[in-house]
Every structure is written in structure tokens, then in C-alpha cells.
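Colleague: Attaching a single structure in C-alpha cells format; questions to follow.
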Amino acid sequence: MFRTMMRAKLHRATVTEANLNYVGSITIDEDLMDAVNIVENEKVQIVNNNNGARLETYVIKGERGSGVVCLNGAAARLVQPGDKVIIICYGLVTEEEIHTQEPKIAVLDDNNQIIEMLGAEKAGTIL
């Protein structure tokens with residue numbers, strides 16, 4: 001049996017742009033993608049901390065070092081520049097892998113720069 005587990009997360013990313021007229025997806029700074037091992041065209045879930053909206057889309061590489069987090073197409077209706085979002089990527093793991101698989105979590109500052117890398121989450125608050 002396979003289980004769907006969180007394998008990567010960009011925590012508290014700041015939306016830099018919302019582009020309604022772009023063909024769907026989310027554009028993410030390639031440095032951020034590399035930090036948590038998210039690849040282009042991979043499916044992600046986005047949770048908007050400001051309004052509670054949740055959506056799924058796929059990733060497009062953004063310019064390295066730019067800090068870009070841009071929601072494109074219809075998803076642009078669910079965010080505003082400046083909103084804080086959590087970008088989550090899941091993977092399928094076997095029962096044997098459950099206890100050895102560790103997610104990569106990047107906690108970001110207001111400029112989408114990594115301030116902390118985590119391997120596992122504990123209950124609590126990260127601001």
C-alpha cells in the first residue's frame with residue numbers, strides 16, 4: 001500500500017504577483033524549488049493564510065534569486081500580492097518508507113529568502 005505524505009514545503013511564502021491572463025500555474029524562484037526539491041511541472045497545493053483558500057496547480061521555474069512567487073491564471077483570483085501562502089508538495093511512499101522519509105521544509109522571510117530549513121515539523125507556531 002502507498003500513502004500520500006508531505007515531502008516538500010515552502011512555508012509562509014509571500015505572493016509577489018497574481019497574473020490572471022497568464023496560462024495557469026505558479027511561478028516559483030528556482031532557488032526555492034531546488035532547496036526543497038520541487039521540479040518544474042510538479043503538482044503542488046497552495047494554502048492562502050490570508051483568506052483560507054486552497055488550490056492545486058503545477059510549478060513553472062522562476063528567475064533564480066528573484067524571490068518570485070506568482071499565481072497565474074484562474075488561481076490569481078484566490079490571492080493578492082503580499083498574501084502569505086504555504087506551498088506543499090506530496091509524494092507516494094510505501095509502508096516501509098514512512099518512518100525514513102523526511103520532508104524538506106523551507107521557512108521564508110517577507111522577501112522569500114530562506115531563514116530556516118526543517119526536516120520534520122513539530123506542533124507549534126512559526127511566524
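Each Cβ is built from the backbone N, Cα and C atoms, and glycine gets one as well.
If you look up Swiss-Prot, you'll see Ser25 marked as active site, schiff-base intermediate with substrate. Swiss-Prot lists Tyr58 with the feature active site, proton donor, giving sequence analysis as the kind of evidence. Feature annotation from Swiss-Prot assigns substrate binding site to Thr57, Gly73, Ala74, Ala75. Among the features that Swiss-Prot reports, pyruvic acid (Ser) is placed at Ser25.
So where do these features actually land, and what's packed around them?
Modeller: Within the same chain, the residues at least 6 positions away from Ser25 (active site, schiff-base intermediate with substrate) whose Cβ sits under 8 Å from its Cβ are Thr57, Tyr58, Val59, Ile60, Asn72, Gly73, Ala75, listed in sequence order.
Just so you know, the Cβ of Gly73 (substrate binding site) picks up 16 other Cβ atoms within 10 Å once every protein chain is counted.
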Colleague: Within 10 Å of each Cβ, count the other Cβ atoms, then let me know which of the binding-site residues Ala74, Ala75 comes out lowest.
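Modeller: Candidates: the binding-site residues Ala74, Ala75. Fewest Cβ atoms within 10 Å: Ala74.
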